[in-house]
Structure formats: structure tokens, C-alpha cells
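Contents: one structure, followed by commentary.
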Amino acid sequence: MKASKRWVALAAATLTLFTATGTAQAANLIAIITPSHDNPFFKAEADTANARAKALGYDTIVLVHDDDANKQSNLVDTAIARGAKAIILDNAGSEASISAVRKAKAAGIPSFLIDREINATGIAVSQIVSNNYQGAQLGGRAFVKALGEKGNYVELVGREADINAGIRSKGYHDVIDQFPNMKMVERQSANWSQTEAYRVMETILQSHPDVKGVIAGNDTMAMGASAALKAAKRSDVIVVGFDGSNDVRDAIMRNDIRATVLQPAALAATEAVEQADKYMKTGSTGKPEKQLINCSLITKANAGKLDMFALR
């Protein structure tokens, strides 16, 4: 009888401990949702957010939506079911993601967006993004200068549903189009993909062998274009990217790529977590919903200081 009572007491204590632990985890859980970590930019922001959240004492779940809005919606459901108290989100489309962020808000979970805005305000608590237009103008000026203000060039743009693709393209053209001897002979999407950019660049070289430059909407496309140019023995073609990845840093040091634009992924991710922490503790971030972080130009002169999307 005494043994039976001991087992009952032990079971009750175990259940109490499990319940308390589960409650504590839910009270301290931050969900971090980004596109695929195959792109080093998204991996860097997820890793940075994860590390900062843990340093502040939070548990985390790190999830990947692969730029699929339906999958993103399911992951938000997962965050809700797990009792997350905040979501750090690099979203899967400026329009398609509105419903997911609204769903999180309806469940009482604040969202803190990084890298990509949504086409709505008042739903997310914060939208912390790189100043893509300002950064693209930096890249555009470097590109024009490298080509001596003249020559046929190609633009590789990102995924159409991503608002950043259009903003960067506009920033580039608002600079480049001021120079009448700069002629764009081809503009194609490579959907942020290195593999796709390689294939696109191979085809473009066949129809436009006189191309002098390639300006890309991100670094993975710049790397794909650079690889295609290298295979074609076209080391004379100037390539400029956008992101600030370690791969492009190394390519700049090898003279394979001329420049890139650093968008500070680590800084935005850190800011998002710290603002989430403050919001959960005080009910306010103390900052406006929409926040822009300026970008920096990376060339051979400062590439050695670049590491994991930050100048060290």
C-alpha cells in the first residue's frame, strides 16, 4: 500500500514537473521563420536571431517556408499551437503573407518582420528591412563607374512576388538610366537562384556576346552569372551583386566579382529579437513599425572586413 502511494505521488510530481516545464517553454518561446537556409543570407539571419533569442533567455523553434506561402501559413499554425509568444519572420511574399501575419495577431502573437515588408501596416509590430533602394543606388553607381559609363549590360532580377526585387531594380535604374551610353540588352529573372542565374547567363552570352556587365539583384544570382562567365572565359565582364555574402566577398578578393551591396542581415535579425523582447515585457518597442537600415558598398578595398553579412 505504501509502495502504491509512493508511485502515485511520484507520478503526480512528474506530471506537475512536465506541465510546469511545458508552460515555461510556451511562455518563453520565439518562432523564427525564414526562407531556405540554402541561401546563406537567410541562414545568417536565422542563426543570428536564434543566438540572440537564446542569449536573452528564450527557447526557440527555427522553421523554413521555402518561399511557399501555404507552407508559411502552416508554420504559423505550428507556432500558434506551440504557444509561441513572438514570431520573427522573413516572409514568403508581400501580399501572400498578410493573412499569415494577421492570423498570428488574432492568436495574440506579435510578428516582427525582417528583410521583406508586407503590403500592409498595423498587423506586424515591426517591419525591419534593409534600405534596398539606397543600397541599389550604391550598387548602380559602382556598376556605372566600373563600366566607364558605357557598354551593354544585363540585369538579373529576383522573384517577382518579392517586393525587394522591384525596389532594387528601381534603385539600379534610377542611377544607370542617367547615362545614355549604358544600354540594357537583357533583363531576366533568375528567381534569386544561383543555378538559374548560371543557365540564364549561358543563354544570354549566346545572343549577346558583346555584353560588358551584369548587375544582379542578389549575390546568389551574381555567383551564378560569374560562374557562367568564367566557364565562357569572359573575365572581362563586370559583375555586381547585392547582399554581402561570404561567397561574394571571396569572389571580390579573386577579382571574379567587382562589388556587392551589404544588407546587414545580422543587425536586422538582432534588432527584431531585441524589439520582440522589449514588446513582450513592456507592450511597446518604442520604435515605428517600419524601420530602414542603410546598406554599404563592398569592394576589394573593404571586402576583407566582411563576414556573415556584417562589417567587422
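From the backbone N, Cα and C atoms, a Cβ is placed for every residue, glycine too.
Here Swiss-Prot flags Asn39, Asp115, Arg116, Asp162, Ile163, Asn164, Arg168, Asn218, Asp243, Gln263 as D-apiofuranose binding site, drawing on similarity to another entry. Residues near Arg116 (D-apiofuranose binding site) in space but far in sequence (CB under 8 A, at least 6 apart, same chain), listed by position: Asp90, Asn91, Ser94, Val129, Asp162, Ile163, Asn164. Following the DSSP three-state reduction, the secondary structure of Arg116 (D-apiofuranose binding site) is coil.
Annotation comment: Swiss-Prot describes 1-26 as signal peptide.
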Study note, to complete from the structure: Mapped onto three states, the DSSP assignment of Ile163 (D-apiofuranose binding site) reads helix
Check your understanding: For Arg168 (D-apiofuranose binding site), which residues of its chain lie six or more apart in sequence with Cβ-Cβ distance below 8 Å?
Key -> Asn132, Tyr133, Gly135, Ala136, Gly139, Val157, Gly158, Gly217, Phe242
**Study point:** For Asp243 (D-apiofuranose binding site): DSSP state (helix, strand, coil)
**Key:** strand
Study note, to complete from the structure: One finds that other Cβ atoms within 10 Å of the Cβ of Asn39 (D-apiofuranose binding site) number exactly 20
